[in-house]
Amino acid sequence: MGNGMCSRKQKRIFQTLLLLTVVFGFLYGAMLYLELQTQLRKAEAVALKYQQHQDSLSAQLQVVYEHRSRLEKSLQKERLEHKKAKEDFLVYKLEAQETLNKGRQDSNSRYSALNVQHQMLKSQHEELRKQHSDLEEEHRKQGEDFSRTFNDHKQRYLQLQQEKEQELSKLKETVYNLREENRQLRKAHQDIHTQLQDVKTQVAEYKQLKDTLNRIPSFRNPDPVEQQNVTFPHGTHPPQGYNGREKLTGELQEVQPNHEAGPRRMEEKPLSSMQKDAGFQALEEQNQVEPREPEERQVEEEHRKALEEEEMEQVGQAEHLEEEHDPSPEEQDRDWRDQQGQNAAHLLDGHPQAEVEHSTKAATNFQSPYEEQLEQQRLAARRDEEAQRLREHQEALHQQRLHGQLLRQQQQQQFLAREMAQQKQVAHEDGQQQHQEQLRQQAHYNAVENDIAQGVEDQGIPEEEGGAYDRDNQRQDEAEGDPGNRQELREPGHQEGDPEVEADRAAVEDINPADDPNNQGEDEFEEAEQVREENLPEESEEQKQSEAKQGNVEMDEHLVMAGNPDQQEDNVDEQYQDEGEEEVQEDLTEEKKREMEHNVEETYGEHPDDKNNDGEEQGVHNRAHPKGRQEHYEEEEDEEDGAAVAEKSHRRAEM
């Protein structure tokens, strides 16, 4: 029983244990099943993912294969093109070598010709220099001879001028004295003529008085006592009927006291008595004066003309003032005629007492010899005084003329001294210009020789194939991307040049090369440069097309790589690196361009005045040396060739 009980208990324990194990197994199986289900789901998801990845990889591989096939085709095409280009380049190389050999031969022949011509020009220059020195010596000698002869002629001219001035002053003095004597003689003649007219009028008056007295019956038979007691008022003369001689002597005695004031009155107004006696003359001179009037008028006109000439020729104002105070004979004749008409009118009214008074006053015109002598002495003293005044005036005029002549001589000497100084200055400036011209020509010769030697050395260097190819590519790059760099390189070259050289070069460029006989082969080089400039745009277009093709290939590669994420990440990194490098290069190129533009602006901003000054110097040089253009033309050609060779060497150094 005990065993039965134990067995039952053990059986239950065993059953419970078994049940527990079954339950735990079931639970473990369920959990395992769930875990397996989750792993299965994960595996299915991974399988789907890998399936998708496999599909994408297959698609990418297909695209890669297609792109590879296209790349192989393009590579084959590029190989073919490269072969063709290589063949073309070989042909071009051969042709270029042939043309280079021809150019070398031409340049050598031209250099030999230019060397021969240079030697000829040197010999001509030496000959011209000798001729110039001889001409300068001759010019100096001729200048000395000219200055010597000029000084001799000048001294002789001044001496002759002084002699002629002295002779002229003497002649003027003699002419003036002769005219003064003529004027005085004419005055004396006029005085004598007026005295003669007065005497004639007195004779006519006496005749008239005689006739009137004869007509009066009371005076025909007068008593002797009455005849003795008859007196005439104002000293008038009795008629000739009574004791003619005694009465005439009495008349003369009565006339003499009134004669003292006569000469002074004759000096101041010689015709004053004629004015008073005009009444007595009016009746008689109606018959007598009329035939004399034409002669008197002629004499008066001649006298008036002579006086006008004398007045025009007289120098100084003192003589004019003195003559203005004295009445001229024309004025006296005019006054006499006016008063003659007035007195004739008075005579028509009748004035017997005036007739007697005028007759007595007319008698005062008779002068004694003593009074005439005194009058002549006074006239001589007056003439001496006038002659003294004339001499003093002539001496003053002579001194004034000598002073003016000395001033003129001083002015002429100063003018001649200024002219000589200007001539010396001009000769000095010409000598300096000639010396500068000689130095400049020597510098030109030296520069031309150096350029020619450098050109020969540069042409003698053999060029390699790769170097020629690199130079062509570099020339294309410069033609496409950097056109301003060449301009910048050329502009400093022009700026460093001498302005005189630029002026000569511009003067040479003004000459038409086609008209120049010395132009040997210049047109060939110009045509070659034009062909090269025309080929540069074509080469730049071809390079642009090749760059466009490369851009298209890069875009295709970018599209192909877009499908693969790993490759895409690698491509993104490479793209970032490439973009960074491109940005750095673009920044560098932009900075270079800015610096170039800034330099160009500075050159254009700094040197417009220099260019204008060069243009002005060029105009002055062209005006000053129009004949020197042909002489320097060949030298300028050599300089241009040397500049081209220097530019080529500079490009090689840059490459």
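Backbone N, Cα and C atoms are what each Cβ position is placed from, and that goes for glycine too.
The feature region 'Golgi targeting' is assigned by Swiss-Prot to 38-107, 176-220. The coiled coil annotation in Swiss-Prot covers 66-216. According to Swiss-Prot, the region 'Endosome targeting' annotation covers 80-175, on the basis of similarity to another entry. Residues annotated as region 'Disordered' in Swiss-Prot: 122-145, 256-275, 285-655. Summarising the annotation, Swiss-Prot assigns compositional bias 'Basic and acidic residues' to 123-145, 261-270, 290-307, 319-328, 348-360, 381-398, 468-508, 590-620. Per Swiss-Prot, phosphoserine is recorded for Ser328, Ser540, and the stated evidence type is similarity to another entry. For 567-589, 633-642, the entry in Swiss-Prot reads compositional bias 'Acidic residues'. Positions annotated as phosphotyrosine by Swiss-Prot: Tyr576, Tyr633. Annotation comment: Swiss-Prot describes Thr589 as phosphothreonine.
Outside the region 'Disordered' (122-145) by six or more residues, the chain places 434, 441, 445 with a CB less than 8 A from a CB of the stretch. Residue counts for the compositional bias 'Basic and acidic residues' (381-398) under DSSP (helix as H, G, I; strand as E, B; rest coil) come to 18 helix, 0 strand, 0 coil.
In the region 'Golgi targeting' (38-107), helix, strand and coil residues by DSSP number 70 helix, 0 strand, 0 coil. Per DSSP, the region 'Golgi targeting' (176-220) is made up of 40 helix, 0 strand, 5 coil. Residue counts for the region 'Disordered' (122-145) under DSSP, split into helix (H, G, I), strand (E, B) and coil, are 24 helix, 0 strand, 0 coil.
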